[in-house]
Amino acid sequence: MGRVYNFSAGPAVLPESVLREAAEEMLDYRGCGMSVMEMSHRSSAFKAIIEEAEADLRDLMGIPDNYEVLFLQGGGSTQFAMVPLNLMRGGFAEYVVSGSWSKKAYQEAKRFGDARILGDSSDGNFSYVPNVAELRVNPNADYVYICENETIYGTKYHALPETGDVPLVSDVSSCFLSEPIDVAKYGLIYGGAQKNVGPAGVTIAIVRDDLIPTDDLHSVPTMLQYKTHVDGGSMYNTPPCYAIYVCGKVFKWIKAQGGLEGMRDINVAKAQLLYNALDESNVFHGTARKEDRSLMNVPFVTGNAELDAKFIAEADAAGLKNVKGHRSVGGMRASIYNAMPIEGVQALVDFMRDFELRNPASSRSI
Ligand SMILES: *Cc1c(COP(=O)(O)O)cnc(C)c1O
(Lines of atoms letter the chains of each structure in order from A and count residues from 1; the text may use other names and numbers.)
(Lines give C-alpha, C1' and ligand atoms only; values in the text may rest on other atoms or scores of the structure.)
Protein backbone atom coordinates (compact mmCIF):
# COMPACT_ATOMS: atom_id res chain seq x y z
CA MET A 1 0.00 0.00 0.00
CA GLY A 2 1.22 3.48 -0.87
CA ARG A 3 1.14 6.62 1.21
CA VAL A 4 -2.26 8.24 1.75
CA TYR A 5 -3.05 11.93 2.18
CA ASN A 6 -3.34 12.28 5.94
CA PHE A 7 -5.34 15.31 7.10
CA SER A 8 -5.07 14.41 10.81
CA ALA A 9 -4.89 17.30 13.29
CA GLY A 10 -2.13 15.58 15.22
CA PRO A 11 -0.05 13.52 15.36
CA ALA A 12 0.08 14.53 11.76
CA VAL A 13 1.78 14.14 8.41
CA LEU A 14 5.58 14.47 8.30
CA PRO A 15 7.69 15.22 5.22
CA GLU A 16 8.26 12.00 3.32
CA SER A 17 11.95 12.78 2.80
CA VAL A 18 12.39 13.13 6.58
CA LEU A 19 10.80 9.73 7.16
CA ARG A 20 13.00 8.16 4.48
CA GLU A 21 16.15 9.63 5.99
CA ALA A 22 15.17 8.45 9.45
CA ALA A 23 14.44 5.00 8.02
CA GLU A 24 17.86 4.85 6.36
CA GLU A 25 19.54 5.76 9.63
CA MET A 26 17.35 3.51 11.77
CA LEU A 27 19.75 0.61 12.33
CA ASP A 28 23.05 2.45 12.10
CA TYR A 29 23.08 6.18 12.75
CA ARG A 30 26.05 7.54 10.77
CA GLY A 31 28.45 4.75 11.62
CA CYS A 32 27.54 4.58 15.32
CA GLY A 33 26.29 1.03 14.81
CA MET A 34 23.09 1.80 16.68
CA SER A 35 19.84 3.67 16.29
CA VAL A 36 19.33 7.14 17.79
CA MET A 37 16.65 5.37 19.88
CA GLU A 38 19.33 3.24 21.54
CA MET A 39 21.84 5.96 22.19
CA SER A 40 22.81 7.59 25.48
CA HIS A 41 21.60 11.15 25.60
CA ARG A 42 25.04 11.98 27.03
CA SER A 43 26.82 10.59 23.95
CA SER A 44 28.69 12.94 21.64
CA ALA A 45 26.48 11.79 18.74
CA PHE A 46 23.29 12.82 20.52
CA LYS A 47 24.85 16.01 21.84
CA ALA A 48 25.55 16.99 18.22
CA ILE A 49 21.94 16.17 17.27
CA ILE A 50 20.33 18.36 19.94
CA GLU A 51 22.80 21.22 19.44
CA GLU A 52 22.25 21.22 15.68
CA ALA A 53 18.48 21.10 16.15
CA GLU A 54 18.58 24.12 18.44
CA ALA A 55 20.92 26.03 16.12
CA ASP A 56 18.70 25.34 13.10
CA LEU A 57 15.56 26.38 15.02
CA ARG A 58 17.25 29.61 16.17
CA ASP A 59 18.27 30.30 12.62
CA LEU A 60 14.82 29.56 11.14
CA MET A 61 12.90 31.71 13.64
CA GLY A 62 15.58 34.36 14.20
CA ILE A 63 15.46 33.69 17.94
CA PRO A 64 17.31 36.48 19.81
CA ASP A 65 20.16 35.49 22.14
CA ASN A 66 18.22 36.47 25.27
CA TYR A 67 15.72 33.64 24.66
CA GLU A 68 16.23 30.07 25.86
CA VAL A 69 15.14 27.14 23.67
CA LEU A 70 13.91 24.18 25.70
CA PHE A 71 13.03 20.67 24.56
CA LEU A 72 10.49 19.45 27.11
CA GLN A 73 8.09 16.55 27.69
CA GLY A 74 4.51 16.42 28.89
CA GLY A 75 2.95 17.85 25.74
CA GLY A 76 1.35 21.22 25.24
CA SER A 77 -0.97 20.36 28.14
CA THR A 78 1.87 20.44 30.69
CA GLN A 79 2.64 24.00 29.57
CA PHE A 80 -0.89 24.93 30.69
CA ALA A 81 0.50 24.39 34.22
CA MET A 82 4.15 25.34 33.77
CA VAL A 83 3.30 28.80 32.46
CA PRO A 84 1.35 29.92 35.57
CA LEU A 85 3.62 27.99 37.96
CA ASN A 86 6.67 29.86 36.69
CA LEU A 87 5.30 33.19 35.50
CA MET A 88 2.43 33.98 37.86
CA ARG A 89 4.33 35.22 40.88
CA GLY A 90 1.59 35.99 43.38
CA GLY A 91 -0.09 38.35 40.95
CA PHE A 92 -2.56 37.62 38.20
CA ALA A 93 -2.59 36.72 34.53
CA GLU A 94 -4.99 37.54 31.69
CA TYR A 95 -6.24 34.92 29.26
CA VAL A 96 -7.93 35.28 25.90
CA VAL A 97 -10.26 32.33 25.52
CA SER A 98 -10.74 31.76 21.80
CA GLY A 99 -11.24 27.99 21.68
CA SER A 100 -10.87 24.69 23.51
CA TRP A 101 -7.11 24.92 23.99
CA SER A 102 -7.00 28.42 25.47
CA LYS A 103 -10.00 27.50 27.62
CA LYS A 104 -8.14 24.48 29.00
CA ALA A 105 -5.07 26.62 29.64
CA TYR A 106 -7.19 29.19 31.48
CA GLN A 107 -8.88 26.53 33.60
CA GLU A 108 -5.53 24.98 34.50
CA ALA A 109 -4.05 28.37 35.44
CA LYS A 110 -6.98 28.98 37.79
CA ARG A 111 -5.80 26.01 39.86
CA PHE A 112 -2.60 27.85 40.65
CA GLY A 113 -3.55 31.49 40.91
CA ASP A 114 -5.61 34.42 39.75
CA ALA A 115 -6.30 33.81 36.07
CA ARG A 116 -8.70 36.29 34.51
CA ILE A 117 -10.49 36.39 31.20
CA LEU A 118 -9.35 39.23 28.95
CA GLY A 119 -11.32 38.24 25.86
CA ASP A 120 -13.72 35.44 25.00
CA SER A 121 -15.34 34.23 21.80
CA SER A 122 -17.43 31.40 23.23
CA ASP A 123 -20.60 33.33 22.27
CA GLY A 124 -19.88 32.47 18.62
CA ASN A 125 -18.89 28.85 19.32
CA PHE A 126 -15.28 30.04 18.95
CA SER A 127 -15.73 30.71 15.25
CA TYR A 128 -13.72 33.93 15.57
CA VAL A 129 -10.79 35.51 17.41
CA PRO A 130 -11.71 38.35 19.78
CA ASN A 131 -10.80 41.76 18.33
CA VAL A 132 -7.28 42.35 19.64
CA ALA A 133 -7.63 46.15 19.33
CA GLU A 134 -10.42 46.05 21.90
CA LEU A 135 -8.52 44.09 24.51
CA ARG A 136 -7.66 46.27 27.50
CA VAL A 137 -4.58 44.71 29.00
CA ASN A 138 -4.00 45.47 32.67
CA PRO A 139 -0.40 46.75 32.85
CA ASN A 140 0.05 44.99 36.20
CA ALA A 141 -0.68 41.52 34.83
CA ASP A 142 2.15 38.98 35.05
CA TYR A 143 1.42 37.93 31.47
CA VAL A 144 -1.22 37.80 28.75
CA TYR A 145 -1.96 34.36 27.33
CA ILE A 146 -3.24 33.47 23.86
CA CYS A 147 -3.55 30.34 21.74
CA GLU A 148 -2.45 31.64 18.38
CA ASN A 149 -4.05 28.98 16.22
CA GLU A 150 -7.07 27.16 17.62
CA THR A 151 -6.68 23.71 16.12
CA ILE A 152 -10.29 22.61 16.58
CA TYR A 153 -12.09 25.74 15.38
CA GLY A 154 -9.60 26.68 12.66
CA THR A 155 -9.00 30.26 13.72
CA LYS A 156 -5.71 32.17 13.78
CA TYR A 157 -4.63 35.54 15.16
CA HIS A 158 -3.64 37.71 12.22
CA ALA A 159 -2.54 40.49 14.59
CA LEU A 160 -1.19 40.20 18.11
CA PRO A 161 -2.64 42.02 21.12
CA GLU A 162 -0.66 45.08 22.21
CA THR A 163 0.48 44.14 25.67
CA GLY A 164 3.02 46.90 26.35
CA ASP A 165 5.48 45.70 28.98
CA VAL A 166 3.31 42.72 29.92
CA PRO A 167 4.85 39.55 28.45
CA LEU A 168 2.79 37.78 25.82
CA VAL A 169 2.61 34.00 26.15
CA SER A 170 1.49 32.11 23.06
CA ASP A 171 0.58 28.49 22.43
CA VAL A 172 1.65 27.96 18.82
CA SER A 173 1.27 24.16 18.81
CA SER A 174 -0.72 24.02 15.59
CA CYS A 175 0.98 26.86 13.68
CA PHE A 176 4.60 26.39 14.75
CA LEU A 177 7.01 27.21 11.89
CA SER A 178 4.15 27.71 9.43
CA GLU A 179 5.08 31.34 8.69
CA PRO A 180 7.57 34.00 9.81
CA ILE A 181 7.31 35.14 13.42
CA ASP A 182 8.86 38.03 15.38
CA VAL A 183 10.00 36.22 18.52
CA ALA A 184 10.90 39.52 20.25
CA LYS A 185 7.17 40.34 20.48
CA TYR A 186 6.66 37.43 22.88
CA GLY A 187 7.75 36.55 26.38
CA LEU A 188 7.19 32.84 25.88
CA ILE A 189 6.22 30.73 22.88
CA TYR A 190 5.58 27.02 23.08
CA GLY A 191 4.25 24.22 20.98
CA GLY A 192 3.84 20.47 21.06
CA ALA A 193 5.79 19.06 18.13
CA GLN A 194 3.23 16.57 16.90
CA LYS A 195 1.10 19.04 14.95
CA ASN A 196 3.55 20.73 12.65
CA VAL A 197 7.18 20.02 13.50
CA GLY A 198 7.75 16.40 14.44
CA PRO A 199 6.57 13.33 16.32
CA ALA A 200 4.68 13.35 19.61
CA GLY A 201 6.83 13.40 22.74
CA VAL A 202 8.63 16.72 22.60
CA THR A 203 7.31 20.19 23.35
CA ILE A 204 9.45 23.16 22.44
CA ALA A 205 9.40 26.26 24.62
CA ILE A 206 11.15 29.51 23.72
CA VAL A 207 11.40 31.68 26.82
CA ARG A 208 12.80 35.19 27.31
CA ASP A 209 15.44 34.69 29.96
CA ASP A 210 14.37 37.49 32.32
CA LEU A 211 11.03 35.67 32.80
CA ILE A 212 12.66 32.52 34.12
CA PRO A 213 12.71 32.60 37.92
CA THR A 214 16.33 32.53 39.06
CA ASP A 215 15.52 31.12 42.48
CA ASP A 216 14.31 27.59 43.17
CA LEU A 217 10.50 27.66 43.45
CA HIS A 218 10.04 25.37 46.43
CA SER A 219 6.36 24.68 45.89
CA VAL A 220 6.88 23.75 42.22
CA PRO A 221 8.05 20.25 41.22
CA THR A 222 11.62 20.29 39.90
CA MET A 223 10.53 19.01 36.48
CA LEU A 224 7.97 21.82 36.13
CA GLN A 225 10.47 24.63 36.63
CA TYR A 226 11.86 26.19 33.45
CA LYS A 227 15.07 26.90 35.38
CA THR A 228 15.70 23.17 35.77
CA HIS A 229 15.69 22.67 32.01
CA VAL A 230 17.68 25.81 31.28
CA ASP A 231 20.37 24.78 33.76
CA GLY A 232 20.36 21.24 32.38
CA GLY A 233 20.48 22.25 28.72
CA SER A 234 17.19 20.33 28.19
CA MET A 235 18.99 17.29 29.62
CA TYR A 236 18.25 17.51 33.34
CA ASN A 237 16.75 14.07 32.80
CA THR A 238 16.49 11.90 29.71
CA PRO A 239 15.02 14.02 26.93
CA PRO A 240 12.75 12.61 24.20
CA CYS A 241 15.81 11.86 22.08
CA TYR A 242 14.22 10.35 19.00
CA ALA A 243 11.53 13.03 18.75
CA ILE A 244 14.20 15.76 18.97
CA TYR A 245 16.20 13.99 16.26
CA VAL A 246 13.20 13.93 13.89
CA CYS A 247 12.39 17.60 14.67
CA GLY A 248 15.98 18.44 13.71
CA LYS A 249 15.42 16.82 10.32
CA VAL A 250 12.15 18.73 9.88
CA PHE A 251 13.98 22.02 10.62
CA LYS A 252 16.43 21.24 7.82
CA TRP A 253 13.54 20.34 5.52
CA ILE A 254 11.87 23.70 6.25
CA LYS A 255 15.14 25.48 5.46
CA ALA A 256 15.17 23.69 2.11
CA GLN A 257 11.61 24.99 1.45
CA GLY A 258 12.96 28.55 1.71
CA GLY A 259 12.72 28.94 5.48
CA LEU A 260 9.62 30.39 7.10
CA GLU A 261 8.98 32.81 4.19
CA GLY A 262 9.04 29.95 1.72
CA MET A 263 6.90 27.83 4.03
CA ARG A 264 4.34 30.62 4.36
CA ASP A 265 4.04 31.02 0.57
CA ILE A 266 3.42 27.31 0.16
CA ASN A 267 0.92 27.29 3.05
CA VAL A 268 -0.96 30.30 1.67
CA ALA A 269 -1.25 28.65 -1.74
CA LYS A 270 -2.61 25.45 -0.19
CA ALA A 271 -5.07 27.24 2.09
CA GLN A 272 -6.32 29.46 -0.73
CA LEU A 273 -7.00 26.44 -2.87
CA LEU A 274 -9.16 24.87 -0.18
CA TYR A 275 -10.89 28.07 1.01
CA ASN A 276 -11.71 29.05 -2.59
CA ALA A 277 -13.30 25.65 -3.09
CA LEU A 278 -15.36 26.13 0.08
CA ASP A 279 -16.43 29.64 -0.90
CA GLU A 280 -17.51 28.49 -4.36
CA SER A 281 -19.35 25.41 -3.12
CA ASN A 282 -23.10 25.11 -2.73
CA VAL A 283 -22.69 22.09 -0.47
CA PHE A 284 -19.67 22.78 1.75
CA HIS A 285 -19.20 25.78 4.04
CA GLY A 286 -16.26 26.85 6.18
CA THR A 287 -17.15 27.40 9.85
CA ALA A 288 -14.49 29.96 10.89
CA ARG A 289 -14.98 33.68 10.29
CA LYS A 290 -13.18 34.58 7.06
CA GLU A 291 -10.89 37.24 8.56
CA ASP A 292 -9.68 34.79 11.19
CA ARG A 293 -9.14 31.71 9.07
CA SER A 294 -6.24 29.44 9.90
CA LEU A 295 -3.67 28.39 7.30
CA MET A 296 -3.35 25.04 9.05
CA ASN A 297 -6.73 23.69 10.18
CA VAL A 298 -9.78 24.06 7.97
CA PRO A 299 -13.12 23.00 9.50
CA PHE A 300 -16.13 22.75 7.19
CA VAL A 301 -19.64 21.32 7.16
CA THR A 302 -22.46 20.54 4.76
CA GLY A 303 -25.11 21.42 7.33
CA ASN A 304 -26.40 17.86 7.16
CA ALA A 305 -24.85 15.34 9.55
CA GLU A 306 -25.71 12.36 7.33
CA LEU A 307 -24.14 13.95 4.30
CA ASP A 308 -21.05 14.81 6.37
CA ALA A 309 -20.73 11.18 7.39
CA LYS A 310 -21.11 10.05 3.79
CA PHE A 311 -18.42 12.47 2.66
CA ILE A 312 -16.01 11.37 5.40
CA ALA A 313 -16.50 7.69 4.57
CA GLU A 314 -16.10 8.19 0.81
CA ALA A 315 -13.06 10.43 1.27
CA ASP A 316 -11.48 7.80 3.46
CA ALA A 317 -12.06 5.13 0.82
CA ALA A 318 -10.42 7.45 -1.72
CA GLY A 319 -7.23 7.72 0.39
CA LEU A 320 -8.10 11.11 1.94
CA LYS A 321 -7.73 10.16 5.58
CA ASN A 322 -8.82 11.75 8.86
CA VAL A 323 -11.09 14.48 7.53
CA LYS A 324 -13.61 13.95 10.32
CA GLY A 325 -14.07 17.12 12.35
CA HIS A 326 -13.71 17.43 16.09
CA ARG A 327 -16.94 16.50 17.89
CA SER A 328 -17.38 20.04 19.22
CA VAL A 329 -17.71 21.46 15.69
CA GLY A 330 -18.91 18.38 13.83
CA GLY A 331 -18.56 17.97 10.10
CA MET A 332 -15.10 17.87 8.60
CA ARG A 333 -11.67 19.28 9.31
CA ALA A 334 -8.72 19.17 6.96
CA SER A 335 -5.43 19.88 8.69
CA ILE A 336 -3.04 21.02 6.01
CA TYR A 337 0.18 21.39 7.96
CA ASN A 338 3.58 22.20 6.45
CA ALA A 339 4.20 18.63 5.34
CA MET A 340 0.90 18.23 3.47
CA PRO A 341 1.85 18.60 -0.20
CA ILE A 342 -0.28 20.85 -2.41
CA GLU A 343 -1.15 17.71 -4.40
CA GLY A 344 -2.97 16.44 -1.31
CA VAL A 345 -5.04 19.61 -1.04
CA GLN A 346 -5.76 19.47 -4.78
CA ALA A 347 -6.89 15.85 -4.42
CA LEU A 348 -9.25 16.86 -1.59
CA VAL A 349 -10.66 19.78 -3.58
CA ASP A 350 -11.17 17.58 -6.66
CA PHE A 351 -12.91 15.01 -4.49
CA MET A 352 -15.17 17.67 -2.95
CA ARG A 353 -16.20 18.91 -6.42
CA ASP A 354 -16.90 15.38 -7.57
CA PHE A 355 -18.91 14.69 -4.40
CA GLU A 356 -20.91 17.87 -4.95
CA LEU A 357 -21.79 16.84 -8.51
CA ARG A 358 -23.03 13.52 -7.21
CA ASN A 359 -24.89 15.12 -4.27
CA PRO A 360 -26.13 18.50 -5.54
CA ALA A 361 -27.62 20.85 -2.95
CA SER A 362 -30.85 21.19 -4.99
CA SER A 363 -31.57 17.46 -4.77
CA ARG A 364 -31.90 17.64 -1.00
CA SER A 365 -34.60 19.21 1.11
CA ILE A 366 -33.32 21.99 3.29
C1 LIG B 1 -2.91 19.63 20.48
C2 LIG B 1 -2.83 20.94 21.14
C3 LIG B 1 -2.50 21.08 22.50
C4 LIG B 1 -2.30 19.89 23.40
O5 LIG B 1 -1.16 19.24 23.10
P6 LIG B 1 -0.74 17.86 23.85
O7 LIG B 1 0.67 17.73 23.38
O8 LIG B 1 -1.66 16.80 23.37
O9 LIG B 1 -0.83 18.10 25.31
C10 LIG B 1 -2.39 22.34 23.03
N11 LIG B 1 -2.60 23.42 22.28
C12 LIG B 1 -2.94 23.34 20.98
C13 LIG B 1 -3.16 24.58 20.20
C14 LIG B 1 -3.05 22.10 20.36
O15 LIG B 1 -3.38 22.02 19.07
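Every residue gets a Cβ built from N, Cα and C, even glycine.
Copied over from TrEMBL:
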- R42: L-glutamate binding site (BINDING)
- G76, S77, W101, T151, D171, Q194, N237, T238: pyridoxal 5'-phosphate binding site (BINDING)
- 4-348: domain 'Aminotransferase class V' (DOMAIN)
- K195: N6-(pyridoxal phosphate)lysine (MOD_RES)
For ligand 1, pick out the binding-site residues G76, W101, T238 that have a CB under 6 angstroms away from one of its atoms. G76, W101
Counting only residues 6+ away in sequence within the same chain, which have a CB under 8 Å from the CB of T151 (pyridoxal 5'-phosphate binding site)? A9, G10, G99, W101, S173, S174, K195, M296, N297, S335
Greatest Cα separation in angstrom, residues G76, S77, W101, T151, D171, Q194, N237, T238 binding pyridoxal 5'-phosphate per the record, works out to 30
For S77 (pyridoxal 5'-phosphate binding site), what is the secondary structure state per DSSP, taken as helix, strand or coil? helix
In angstrom units, rounded to an integer, how far apart are the Cα atoms of T238 (pyridoxal 5'-phosphate binding site) and the residue listed as 'L-glutamate binding site'? 9
Rounded to a whole angstrom, what is the C-alpha distance between R42 (L-glutamate binding site) and Q194 (pyridoxal 5'-phosphate binding site)? 24
Tell me, by DSSP, whether N237 (pyridoxal 5'-phosphate binding site) is helix, strand or coil? coil
One finds that other Cβ atoms within 10 Å of the Cβ of R42 (L-glutamate binding site) number exactly 9
Enter the number of other CB atoms within 10 angstroms of the CB of K195 (N6-(pyridoxal phosphate)lysine). 27
Once near-sequence residues are set aside, which residues in the chain of D171 (pyridoxal 5'-phosphate binding site), 6 or more away, have Cβ atoms under 8 Å from its Cβ? G76, Q79, W101, S102, A105, Y145, I146, C147, E148, Y190, G191
Note: in the chain of S77 (pyridoxal 5'-phosphate binding site), residues six or more apart in sequence with C-beta under 8 angstroms of its C-beta are K104, E108
Taking DSSP three-state, what's W101 (pyridoxal 5'-phosphate binding site) in: helix, strand or coil? helix
Which residues does N237 (pyridoxal 5'-phosphate binding site) neighbour through Cβ under 8 Å, counting only same-chain ones at least six apart? M223
Give the three-state DSSP assignment (helix, strand or coil) for D171 (pyridoxal 5'-phosphate binding site). strand
